Amino acid sequence: MVSTEVARTIVGTIGNVISFFLFASPIPTIVNMYKKKAAEEFKPDPYIATVMNCMLWVFYGLPIVHPDSTLVVAINSIGLAMELIYLSFFFIYAKRSGRLKVIGWLCIEIMLLGVVASCTLLLRKTHAQRSAIVGILCVIFGVLMYASPLTIMWKVIKTKSVKYMPFNLSLANFLNGIIWVTYALIRFDLYILIGNGLGALSGAIQLILYACYFSSTSKKDDDDDDDDVKPSEL
């Protein structure tokens, strides 16, 4: 019989693989930016937010805060590196105002992480206390990140078209949430459970919307061929 620890490792590894593909989803947009040598309508905001989210989860998974969370640290470290690479491309091709925005927000995030780390390590002595502080912040930033798909879901409802909500991304988002919820339940972790529970819920709603409006999408696309926005770039 498979032990709890082995099951947790297997589920976490699967979660890492799915999460990696989610982190890699902006690559077509970055490649397009590189080919055009221009940032154009690229918005750095989601990537800046993801950097903060990843940094908090990496800190959360450290042995001094929440022991035995190697897989959480691993995938968020990879995600952090990828997000910084995306922002580096934006920095190269963006206008001066865009560059200043990225530098400003990254400095603020680094200072915020420093404050969180200092307060957590100096004022809280046990793993449970430290996990609670950092975990709550991770959940808060996770909720803010899930505000972005709400915009896309509203657009789907408004236009009755799933043109701007790729099925593969919605499915991956749902599966990613389910896997990490399972991971959190094997050895109960409230903060991973809440954060990824919201992700699973968001993905489930996207799939429901896809089922509701998929049949009407092709017809609407025929009537709206002059729209140049690509789903992968939204």
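Positions of Cβ are set from backbone N, Cα and C atoms, glycine also.
Positions annotated as transmembrane segment by TrEMBL: 6-25 (among others).
Annotation source TrEMBL lists transmembrane segment at 46-65 (among others). Sequence-distant neighbours of the transmembrane segment (46-65) (same chain, 6+ residues past either end, Cβ-Cβ under 8 Å): 26, 72-73, 76-77, 79-80, 83-84, 86-87, 90, 102, 105-106, 109, 112-113, 116-117, 120-121, 127, 130-131, 134-135, 137-138, 141-142, 144-145, 148, 191.
Residues or ranges marked as transmembrane segment by TrEMBL: 71-93 (among others). Within the chain carrying the transmembrane segment (71-93), a Cβ under 8 angstroms from the stretch's Cβ atoms is held by residues 9, 12-13, 15-16, 19-20, 23-24, 26, 30, 33-34, 37-39, 42, 44, 47-48, 50-51, 54-55, 57-58, 60-62, 99, 102-103, 106, 183, 192, all 6 or more beyond its ends.
Annotated transmembrane segment per TrEMBL: 102-123 (among others), in sequence order.
For the transmembrane segment (129-147), the residues of the chain that approach it from at least six positions outside its boundaries are 46, 49-50, 52-53, 56-57, 59-60, 64-66, 116, 119-121, 190-191, 194-195, 198-199, 202, judged by C-beta separation under 8 angstroms. Among the features that TrEMBL reports, transmembrane segment is placed at 129-147 (among others).
If you look up TrEMBL, you'll see 167-186 (among others) marked as transmembrane segment.
Marked as transmembrane segment by TrEMBL: 192-213 (among others).
Only residues 6 or more beyond the boundaries of the transmembrane segment (6-25), in the same chain, are considered here, and those with a CB under 8 A from a CB of the stretch are 71-72, 74-75, 78-79, 82-83, 169, 172-173, 175-176, 179-180, 182-183, 186-187, 232. For the transmembrane segment (102-123), the list of distant contacts is 44, 48, 51-52, 55-56, 59, 64-65, 87, 90-91, 94, 130, 133-134, 137: same-chain residues at least six beyond its ends, Cβ to Cβ under 8 Å. Non-local neighbours of the transmembrane segment (192-213) in the same chain are 72, 138-139, 142-143, 146, 149, 152-153, 156-157, 160-162, 165, 167, 170-178, 180-181, 183-185; each lies 6+ residues outside the stretch with a CB under 8 Å from one of its CB atoms.
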